[in-house]
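J.: So TrEMBL says this about it:
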type	residues	note
ACT_SITE	Tyr80	active site, proton donor
BINDING	His142	substrate binding site
DOMAIN	52-321	domain 'NADP-dependent oxidoreductase'
SITE	Lys109	site 'Lowers pKa of active site Tyr'
Amino acid sequence: MTAPIIYEDTIESIDLIDDNVLVGPNYDILTKHIMPGGLEVPPIGLGSSDDLKKNDNQKISQFLNAIESGYRLIDTAYKYDNQRHLGLAIRQLMDTTNITRNDLIVVTKVWSTFHTRERAFENVKMELQDLQFDYSDFGLIHYPISITPHESNPREYFTYSANGSIQTPYPQRDVGYLEAWRGLEAAERLGLVKYIGLANFNIHQIKRILSVAVVKPVVVQVECHPLYRNDKLTNWIKAHNMSVMCYSPLRKCSPELVNNNVLQEVADKHKRTVYQVSLRWNMQRGHIVIPRSFDKHHQKENLDSLNFALDQQDMDKINAIPQLQKIIYPGNLLPISMPSHPDYPFGEDDDN
Ligand SMILES: NC(=O)c1ccc[n+]([C@@H]2O[C@H](COP(=O)([O-])OP(=O)(O)OC[C@H]3O[C@@H](n4cnc5c(N)ncnc54)[C@H](OP(=O)(O)O)[C@@H]3O)[C@@H](O)[C@H]2O)c1
């Protein structure tokens, strides 16, 4: 990978770009996704979530199998509570194969209780320590939502009140994620992360980051699949020369996606599966996808979505599928009433 890119853009110059015109990164999806500045990454990676937090040998061996079978981009996060196990597993793999750290591209994410400059930097170091890595390839802010850190245990994900409920108020209301960005920039300057980015931010929040950023985000991770195209946000991100990385690209395998007639029709036409069609559709829109699978057949099937192409008619058909609500809300990770939080990101960019 090449050196980090420093952008001179100001919020004013960025705003001159017409939101309807795609001037984003170039894509050669047959082999690679080319990020702003020429950085090349695989267009398909592997999600991890919290499935690996218990030391489940079978899951870990399936995870290693994915890397051995060709996955190189791996999505992790502090909140998934899995980095220690992943780190051990990857070390084991590196000890027994010729795969090296440089072959892997690992995403890490700063958690919501670490939204000050110092704490975000500290959180990156904690993640690296757990993974036993010297650096992360992509360090993201996991959510724009800042929450109160635990007073005595810095590793805790939440602070609980005496009655057991989770405390939401955050002292640095509305500046937390800007501060966290400064922490990520510091980590990037010191080489702890190679590139930095965001997850779950809306357009307004990304603009605020751009207005203070010394280092521009290269990637924004958002929910995107055929039943939630997230067009307004993803087009805006690409128009502003950042890459889109799609989480839950299979909508968590929900029946609405798996049994969708249009996806099935297109899959039948190409003798493929709805999973492959969904992933391929996203990649052909110029997005990176990070499906999670701990089944070796599914892993292979997903990777194999690189080996066929949808035509314009297929793309148009899929683009006309009626849209549903997104499937991931902060409540999935933050079991508290979030829409009232000042940094709640969802809703305003929806055009589905
Ligand atoms: N930044 C964020 O806030 C955020 C939020 C959500 C997710 N993420 C990231 O995105 C990753 C992916 O999202 P996700 O885990 O929510 O959902 P997903 O990838 O859309 O779906 C995962 C589910 O699909 C199944 N599956 C995968 N490939 C399949 C295939 N070919 N055939 C049949 N079933 C298949 C998996 O089961 P098997 O194991 O049986 O294959 C698993 O149950 C996460 O793991 C995480 O790394 C990030």
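Even glycines carry a Cβ here, placed using N, Cα and C.
Remember, TrEMBL labels are computer predictions, not curated facts.
A quick note: this is a predicted structure, and the numbers were derived from the prediction, not measured.
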J.: If you count other C-beta atoms within 10 angstroms, which of the recorded positions Lys109, His142 is the most crowded?
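T.: Its Cβ has the most other Cβ atoms within 10 Å: Lys109.
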J.: Would you count the other C-beta atoms found within 10 angstroms of the C-beta of Tyr80 (active site, proton donor) for me?
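T.: Result for Tyr80 (active site, proton donor): 21 other Cβ atoms within 10 Å.
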J.: What does DSSP call Lys109 (site 'Lowers pKa of active site Tyr') in the simple three-state scheme?
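T.: Assignment for Lys109 (site 'Lowers pKa of active site Tyr') reads strand.
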J.: In whole Å, how far does the CA atom of His142 (substrate binding site) lie from that of Lys109 (site 'Lowers pKa of active site Tyr')?
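T.: A Cα-Cα distance of 5 Å.
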J.: According to DSSP, which of helix, strand or coil covers Tyr80 (active site, proton donor)?
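T.: Assignment for Tyr80 (active site, proton donor) reads helix.
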J.: To the nearest Å, how far is the Cα of the residue listed as 'active site, proton donor' from the Cα of Lys109 (site 'Lowers pKa of active site Tyr')?
T.: 9
